[in-house]
Amino acid sequence: MVNRILVGAHYGLKDWVIQRATAIVMAVYTVIFLVVIGSVGPDSLESWRGVFAGGFMRFATFLFFVSVFYHAWIGIRDIWMDYIKPDGIRLLLMVATATVLVGYAGWAIRILWRT
Amino acid sequence: MAEMAIKKKRPKNLDLPTIRLPLPGILSIIHRISGAALFLLLPFLLWLFESSLTSAETFASFKAVVDHGLVKIILLGLIWFYMHHFCAGIRYLLLDVDIGVDLKEAILSSKIVFGVSIALTLIVGVQVLW
């Protein structure tokens, strides 16, 4: 029997849902990617670039990257919460994690839209 | 009353070498380790992705890095980590919707995860790396 009042705090439900939603996006993309790679069989710079030149694959890859970074944020944050007990160090590690992931997102966009 | 119950002496078994982690537990810790490793290697993977797409020169350096024997082994390990995380993740999604919660099924599904992820690693790894 749960006697807590469940109103007013999120109890991590939002992150729990996002962890799973991003997982499904990545899983679907993984299958699409393997099918595309398997059928195109890119063996040169041109054919490899061609895989990401189409609007669909570029957008799907972008969605995949965003899912990876958000998913990684929740997973790595859980690791810090499980093993790092001093609040200051934990906060520092969380901020560092979020910072590099936002940076990676910018990097991924640059890679996808420059080619 | 409640405090009495909490203070009651309970048997402890924290002799780590004697605790045998069951298969779903091994799957679980590899899920975490593989996730952490993939996170730590994200800059390397993004760099590989970038150099593979940017220009003929960067593509050549990408080829040179990926053709190195040691890098191939690392990438094969990463592909296994990815496939394990992928398969174990699907298992967790099924557990979320109450599929395979019984002990027998949980052990069976763990075996399936290990088998399928290793098979996928070999199929994809050999295709992509060799």
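Cβ atoms are placed via backbone N, Cα and C, with glycine included.
The heme binding site feature in TrEMBL is assigned to A:His71. DSSP assigns A:His71 (heme binding site) to a helix. In sequence order, A:Ile18, A:Gln19, A:Thr22, A:Ala23, A:Met26 are the residues near A:His71 (heme binding site), counting only same-chain partners six or more apart with C-beta under 8 A.
A helical conformation is recorded for A:Tyr83 (ubiquinone binding site) in the three-state DSSP classification. Taken from TrEMBL, the feature ubiquinone binding site applies to A:Tyr83.
The transmembrane segment annotation in TrEMBL covers A:21-41 (among others).
Marked as transmembrane segment by TrEMBL: A:47-70 (among others).
Feature annotation from TrEMBL assigns transmembrane segment to A:91-113 (among others). Beyond the ends of the transmembrane segment (A:91-113), by six or more residues, the same chain brings 52, 58, 61-62, 65-66, 69-70, 72-73, 76-77, 80, 84 to within a C-beta distance below 8 angstroms of the stretch.
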- prompt: What else in the chain is close to the transmembrane segment (A:21-41), if you only count residues 6 or more beyond its ends and a Cβ gap under 8 Å?
  reply: 47, 50-51, 57, 60-61, 63-64, 67-68, 70-71
